[in-house]
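These come from Swiss-Prot:
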- Lys70, Arg73, His102, Arg119: isopentenyl diphosphate binding site (BINDING)
- Asp109, Asp113: Mg(2+) 2 binding site (BINDING)
- Asp109, Asp113: Mg(2+) 1 binding site (BINDING)
- 109-113: motif 'DDXXD motif' (MOTIF)
- 240-244: motif 'DDXXD motif' (MOTIF)
Amino acid sequence: MGGVLTLDAAFLGSVPADLGKALLERARADCGPVLHRAIESMREPLATMAGYHLGWWNADRSTAAGSSGKYFRAALVYAAAAACGGDVGDATPVSAAVELVHNFTLLHDDVMDGDATRRGRPTVWSVWGVGVAILLGDALHATAVRILTGLTDECVAVRAIRRLQMSCLDLCIGQFEDCLLEGQPEVTVDDYLRMAAGKTAALTGCCCALGALVANADDATIAALERFGHELGLAFQCVDDLIGIWGDPGVTGKPVGNDLARRKATLPVVAALNSRSEAATELAALYQAPAAMTASDVERATALVKVAGGGHVAQRCADERIQAAIAALPDAVRSPDLIALSQLICRREC
């Protein structure tokens, strides 16, 4: 991706380099069983399809050997709750709910983008059909809300559901804006970041706010953690776009240059097209050509984005957003876990 993102040492403190990965594994261990029970409670064939999408088993229910996701959003809930003095048990249902919402968006995303592969194997829509994939996404969304209705404190449950549903509305708007950006002759970096604020940052901000909420934090702390998660989500999307162009297909589970082949208006591309360089002119011609991108076109587009500085802009943006995220944290909740999850974004490969 043209270099690894680095953060100012003042923001990092003495956080162990492997803490972030340990937090993801802990989130998987704590949240996974609740997620399994939620999926198994669904009627067939929804349960089988949901477990397939989550990477737990194959279409015939035989054990799958692939990835089952990172549990990054669940880890954000746990870390935010812990930073506010909350209990893991209280945060677990919320963690499961946000993972379900995240996966509902992935199911719909795959349909809208026409992606036939996720995590190295066929997507749900390409196995069972478009209509089924949409309905499964709806079912995961409904199951997430059902989990939150079971929270012990009814007041917290209502506030949590309200926040989650507002973030879902923001997600829909962000996804709609993403659709509008495709094929637009002129898209600015600000246009892109406004879209990413809804498509990605809304949910990561919600995750952190919900963690603080179940820990009974005050409104100011909840707002600060939501801002932290929002900025982190923008950084996550920036890095996601870098991976979409320069990521290793063996790690990402998607074809090389997948975003470029589909002429997606990702941040590196948008930045490159706005560079007013010769490379930008040639890249614009490739993006506006009526014929589908060939493998050589994708290779050339990749080189042009790099020459025009698109990768550098996206890296810098991710770095700035992570620093803004950490700066948003009050000292009382600036925990090693939250810092470690911030660092993890810099080092992610898929």
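Just so you know, glycine gets a Cβ as well, placed from its N, Cα and C.
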Integer Cα-Cα distance in angstrom, Asp109 (Mg(2+) 2 binding site) to Lys70 (isopentenyl diphosphate binding site): 17
Other C-beta atoms that fall within 10 angstroms of the C-beta of Asp109 (Mg(2+) 2 binding site): 16
Residue among the binding-site residues Lys70, Arg73 whose Cβ has the most other Cβ atoms within 10 Å: Arg73
Asp113 (Mg(2+) 2 binding site) versus Arg73 (isopentenyl diphosphate binding site) - Cα distance in angstrom: 22
Secondary structure tally of the motif 'DDXXD motif' (109-113) (DSSP, helix then strand then coil): 5 helix, 0 strand, 0 coil
Average model confidence [pLDDT] within the motif 'DDXXD motif' (240-244): 93
Among His102, Arg119, which are binding-site residues, the residue with the most C-beta atoms within 10 angstroms of its C-beta: His102
Residues in the motif 'DDXXD motif' (240-244) grouped by DSSP into helix, strand and remaining coil: 5 helix, 0 strand, 0 coil
